[in-house]
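Novice: I'd like to ask you about the structure that follows.
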Amino acid sequence: MNLRKDIDITINGKALSINESISLAALLDELTIPTIGVAIAINQEIIHKSQWTMRIITGGEEIEIVSIVAGG
Amino acid sequence: MTTTAQANATEPVTPYPPLVIGGEEVSSRLITGSGGMTSLSALKAALIASKTSLTTVAIRRFEPTSSMGLYKLLGELNLKILPNTAGCYSHKEAILTAKLASEVLGTKFIKIEVIADDATLLPDPIETLRATESLANEGFLVMAYCSDDPILARRLELAGAAAVMPLGSPIGSGLGILNPYNIESITNHSNVPVILDAGVGGASDVSQAMELGCDGVLVASAINRAQYPELMAKSLALALEAGYLTRISGRIPKRDQALASSPTEGMIAQ
C-alpha cells in the first residue's frame with residue numbers, strides 16, 4: 001500500500017502534482033532538467049545549487065526554473 | 001569618459017586598447033546583443049564577423065531547445081556573457097532576475113534594463129536607479145541602460161554603476177543618436193565607461209558614438225535584423241574602429257568660415 005500523497009505545486013506557471021517529500025534535486029531529475037545552465041527560485045527566493053538536494057518541496061510552492069535565451 | 005589611449009602624431013594606437021568595466025577587461029568595444037536573429041547559425045556567423053568579446057542574453061523560463069543551444073554556442077565561441085534584465089518593469093523584478101542570471105552563468109556582470117512600458121520600451125529612470133544601487137551594493141558589476149540624461153548618468157555612477165549605457169534612440173528604432181549633445185555631455189563627465197546602447201541603425205551611428213567619446217557601443221537589432229547580418233556586423237566593427245581613430249587623431253576644429261588648404265603664394269593671377 002502506497003502511503004505517499006500528492007501535493008500541488010506550480011512550475012514555471014504550470015500546475016503540477018508531485019509526490020510529497022521529494023527534494024528539488026529529485027524533482028529536476030524526474031523532469032529531466034539539466035543541472036547546469038539553470039537557476040531556480042522558489043516563492044521568489046533563489047535556491048542555490050548546493051541546497052538542491054536538501055530542499056524538500058512543499059504543497060503550494062511556486063517554482064521558477066530559468067535559463068538563458070537570445071536577447072538584448 | 002576620456003580614453004586612456006593617447007594620440008600619437010606618427011603612429012595612432014590601433015585598433016584600440018581594451019575596455020575595462022569594473023576591473024574586468026573586455027577586449028572588443030563592440031558589445032553585441034543576441035536577440036532577434038533568425039537562427040543560431042546566423043547568430044554565430046554575425047558574432048564572429050563582429051569580433052565581439054561580450055554578448056548579451058536574456059533570462060527566461062527554461063525551455064530545453066532554446067536554452068541549451070545558445071548556451072553551447074556561446075561557450076564554443078568563448079565569449080563573455082552579459083545577462084540582461086530585459087522584460088522587467090520594476091527594480092524588484094530586475095534584482096531577482098540579476099541574481100538568477102548570476103546563478104545560471106556565474107558572472108557578476110549584469111545589464112540592468114527596466115522598461116517603463118511596451119509602447120516606447122524606454123527605460124524607467126527611477127526603477128533603474130533603485131536596481132542599480134541595490135545590486136552594486138551586493139557586488140554586481142552593473143551596466144545600467146538608461147535615457148540620454150547627463151544627470152541620470154551621474155546619479156547612476158554615484159549609485160555604483162560600473163558602466164552607464166545611454167540610449168541613442170528607442171530600442172530597435174534604428175534612428176541613431178537623436179541627442180548628440182547629451183551623449184557628449186555624458187561622456188565628458190562620466191568617470192565610468194559609457195556604452196551607447198539602443199537605436200543604432202548603421203555604421204555612421206557607431207562611428208558617431210565613438211567620436212562623441214563613448215567607450216563602446218552595444219548593438220543588437222542593427223545587426224540581427226539587417227538583411228545580411230554578417231555583413232552588417234563587419235561594417236559596424238569597422239565603424240567602431242574608424243570612430244575611435246578619429247577621436248584620438250585630433251580632428252580639426254569646426255569653423256564658421258572656410259580655410260584654404262592650398263598655398264596662397266605663387267598664384268599666376270595676382
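Keep in mind that glycine also has a Cβ here, set from the backbone N, Cα and C atoms.
Where the annotation comes from TrEMBL, it is an automatic prediction and has not been curated.
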Novice: For the 1-deoxy-D-xylulose 5-phosphate site that TrEMBL gives with B:ALA198, B:GLY199, B:ALA220, B:SER221, which of B:GLY160, B:GLY172, B:GLY250 also belongs there?
Specialist: B:GLY172
Novice: For B:LYS111 (active site, schiff-base intermediate with DXP), just give me the three-state DSSP call.
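Specialist: Strand, per DSSP.
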Novice: Which one of these binding-site residues, B:GLY172, B:GLY199, has the sparsest Cβ neighbourhood, judged by other Cβ atoms within 10 angstroms?
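Specialist: Each of the binding-site residues B:GLY172, B:GLY199 was scored by Cβ atoms within 10 Å; lowest is B:GLY172.
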Novice: Where B:GLY172 (1-deoxy-D-xylulose 5-phosphate binding site) and B:LYS111 (active site, schiff-base intermediate with DXP) are concerned, what is their Cα separation in Å, rounded?
Specialist: 17
Novice: Max CA to CA distance in Å over the 1-deoxy-D-xylulose 5-phosphate-binding set B:GLY172, B:ALA198, B:GLY199, B:ALA220, B:SER221?
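Specialist: The span, Cα to Cα at its widest, is 9 Å.
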Novice: Name the binding-site residues, out of B:GLY172, B:ALA198, B:GLY199, B:SER221, that lie close to chain A, meaning a Cβ-Cβ distance under 8 Å, keeping sequence order and answering 'none' if none do.
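Specialist: The answer is none, since no candidate qualifies.
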Novice: Express the distance between the Cα positions of B:ALA198 (1-deoxy-D-xylulose 5-phosphate binding site) and B:LYS111 (active site, schiff-base intermediate with DXP) as a whole number of Å.
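Specialist: Between the Cα atoms of B:ALA198 (1-deoxy-D-xylulose 5-phosphate binding site) and B:LYS111 (active site, schiff-base intermediate with DXP), the distance comes to 13 Å.
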